DNA sequence: TTAGGGTTAG
């Protein structure tokens, strides 16, 4: 009974049927996916027409299931299905679905798939809309295929379509991210020629590309050209340039930029915000110039700009890295951050815990984490996960269990992953902590949490070895 | 269009 209960919760890959869904949901998905897959098989020419007659309500798990079935021998059919599904009214692929499609259909490894499918549309005289092309381009985007995206852009006229700003922006961004700024600029000029006006997103992509390539002057010139084209230079774009300056290592120039942004004559369009200041703070911290980073914090405070979680975490990390012994600086910083507002004491303590663990200052990390719980502050998910994992690696399973209980009372348990649960359960079992193991196993079953496959066999073995009748009895009543 | 640090689900 006990083993049955445990194995019921084993990860899907441990069982024959691949699904993370409930039995009812699974059967619906399979039947819908089966019907769609059968329709796909039924017609090799223009399968989109055939699919339309399937009359199946599309959802993410059904689409996933169909694509999986098309792997590994029917990638082209799977891709056509995915594109067709995305064009159906009432359904829109999430970014997650695009990444799944790229993964299952191995698009990055087989970029020709994209071309083959678009060519097939032409040969079979399929109906191709702007929406169809947008999905194809989004797949290129997900797979980071700039050349293929450009090829798709060139295919628009073949289907009687004109590429729009969204299509151009996507292709331009791919080339800019890839570092091919000359192609990005060519495409931007081309937009002008066909009466498409490059917008803020177009410019920001290319400016970002120049900054990543360390070409700050080119980025700066482009931002001036942007104003001429009627696009207002804004905080985001200006911050991008500032980020490029920071990355180039010229902090004096970065401060000049920041000063320019702070001037009132910009009309407020380019006033620095928390992200802008954080970029500069981060750059100073990375250069171990923490005092100057702290001065930027004062400067943002003076201007009424509130630090956020990222500002806090970057600064806390900087201070923790700088000071081997002195925790006074850390508490002074946390006091200041909380007084300024915008960030809570819990967030600061959580960041400090994370930074201390990463710097292998475990004792201080544990102290600050426990202090947080005692004071009734709620730690964040990452701090909890790192602390529990560390306790497990130190084989302090009982301590870990009691801390887990405390954390659960603070209501952050849902962000702790199943792997930590599995490691803790295994540790408790192997160290004879049957009472704790029982309680943890019960919570895990209640939460429908899956056990890590690599641990389940050992957990079962450990449970067998203890021969603890009481444990068996209690677990079997869950 | 703008970020950071682990996982989960879709």
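In case you wondered, yes, glycine gets a Cβ from its N, Cα and C as well.
Note that TrEMBL annotation is computational and uncurated.
Record features, source TrEMBL:
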- A:164-198: repeat 'PPR' (REPEAT)
- A:199-233: repeat 'PPR' (REPEAT)
- A:234-264: repeat 'PPR' (REPEAT)
- A:273-307: repeat 'PPR' (REPEAT)
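When Cβ-Cβ distances under 8 Å to the repeat 'PPR' (A:273-307) are tallied for each of A:164-198, A:199-233, A:234-264, the top count falls to A:234-264. Non-local neighbours of the repeat 'PPR' (A:164-198) in the same chain are 130, 133-134, 137-138, 140-141, 144-146, 149-150, 153, 156, 205-206, 208-210, 212-213, 215, 218, 229-231; each lies 6+ residues outside the stretch with a CB under 8 Å from one of its CB atoms.
Mean model confidence of the repeat 'PPR' (A:234-264) amounts to 93 (pLDDT, 0 to 100 scale).
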